[in-house]
Amino acid sequence: MIKRAITGIQASGRQHLGNFLGVMQGLKQLQSQYQLFLFVADLHAITVDFEPTMLKDNNLQLVKTLLALGLDYGKVNLFLQSDLMEHTMLGYLMLTQSNLGELQRMTQFKTKKLAQKRNSNNTITIPTGLLTYPVLMAADILLYQPDIVPVGNDQKQHLELTNDLAKRVAKKFKLKLKLPVFIENKDTNRIMDLSNPLKKMSKSNPDQNGVIYLDDSKETIIKKVRKATTDSFNKIRFAKKTQPGVTNLLVILTALLKEEVNHNLSKKIGSDLVKYYQNKSYLDLKNDLSSAVINVIESLKFKKAQITDEMVLKVLNDGKNQAKKVADETLKMFYKAFGLTSNQLFD
């Protein structure tokens, strides 16, 4: 029996190179090994302030980007999280079994809480969705009873909570729940900011020169890579502690050379990047990186332009139908265990 994987991608803004290398690039490998359920996490996107028209456009652009990756949608079930009410229904059941203390201890909640703007009376309004976010994530996962869950390093604590909740519910309600294995792509999980290589690449970073977006122009990409922080060693090597900027550029280039569109560049450089750049300058490295980034992003743009609204709707509808079959079965199991629904009153 084929094993199952689940992963969600949040459509809270423009997608950047960190999203591509950290999550999207690994999807092709996942689809060859697992039955993959892939969802656009639009319910998670509304846990913070949002604009409906922009959210809808972000959803569409993310779906088109995912379609442009060339995944086999006979193997991959792509859908919108909000299209399946089972996510929120199980989310509420799990919420009743969580406690305030464990949710308030979540590092991401603490960080986002501090980032909230102060009101005119110097108080802070904290959206409840920030607090309950990891419980919905637990429901997203448990709903499909997956064997593995690809994760980012910043989500590890949430996934530990998922396991804690699953064990708690399983023991209390005598449920047989599969505890998934969480896997992390350590090579590309933390693509760092080009301007500040000590920070993860993120659309929330103040200096946007360090973030390469998947819709950036060729000129913008070249400009951002040229300005990328390096050092005064003039030595190209993997040395994260002493040369974080150069190391980040090498990590990004290594990942991008795996893409088919960079076949010729990969052939030129070879498998040993440090050896190839031994007698070359930082500018040489940046020029090659610019070419590699442009090749990937321009290819994605071209493929996205070929995707019609009909293609989007068909893939999402097919994915939703397949996901619903699994989600329905799991939710029925939880409802029965919790003693819910009228047809159980006289059992």
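The backbone N, Cα and C atoms fix where each Cβ goes, glycine too.
Among the features that Swiss-Prot reports, ATP binding site is placed at Gln10, Ala11, Ser12, Gly18, Asn19, Gly152, Asn153, Asp154, Ile191, Lys200, Met201, Ser202, Lys203, Ser204. Annotation for Ser12 (ATP binding site): same-chain Cβ neighbours under 8 Å, separated by at least 6 residues, are His44, Ala45, Val48, Phe50, Asn58.
Across the motif ''HIGH' region' (11-19), the DSSP tally of helix, strand and coil residues reads 3 helix, 1 strand, 5 coil. If you look up Swiss-Prot, you'll see 11-19 marked as motif ''HIGH' region', on the strength of sequence analysis.
Sequence-distant contacts of Asp140 (L-tryptophan binding site), defined by Cβ-Cβ distance under 8 angstroms and a gap of at least six in the same chain, are Ile6, Gly8, Phe39, Ala41, Gln81, His87, Gly91. As annotated by Swiss-Prot, L-tryptophan binding site applies to Asp140.
What Swiss-Prot records for 200-204 is motif ''KMSKS' region', and it gives sequence analysis as the kind of evidence. Panel annotation: around the motif ''KMSKS' region' (200-204), residues 13-14, 16-18, 154, 190-194, 210-213 of the same chain, lying at least six beyond its termini, place a Cβ under 8 Å from a Cβ of the stretch.
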**Message:** Mean pLDDT across the motif ''KMSKS' region' (200-204), rounded to an integer, is what?
**Reply:** 88
**Item:** Distant-in-sequence Cβ neighbours of Met201 (ATP binding site), under 8 Å, six or more positions away
**Value:** His16, Leu17, Gly18, Ile191, Met192, Asp193, Leu194, Gly210, Val211, Ile212
**Complete:** Here the binding-site residues are Gln10, Asn19; the one whose Cβ sees the most other Cβ atoms within 10 Å is Asn19
**Request:** Please report the DSSP secondary structure of Asp140 (L-tryptophan binding site), reduced to three states.
**Result:** helix
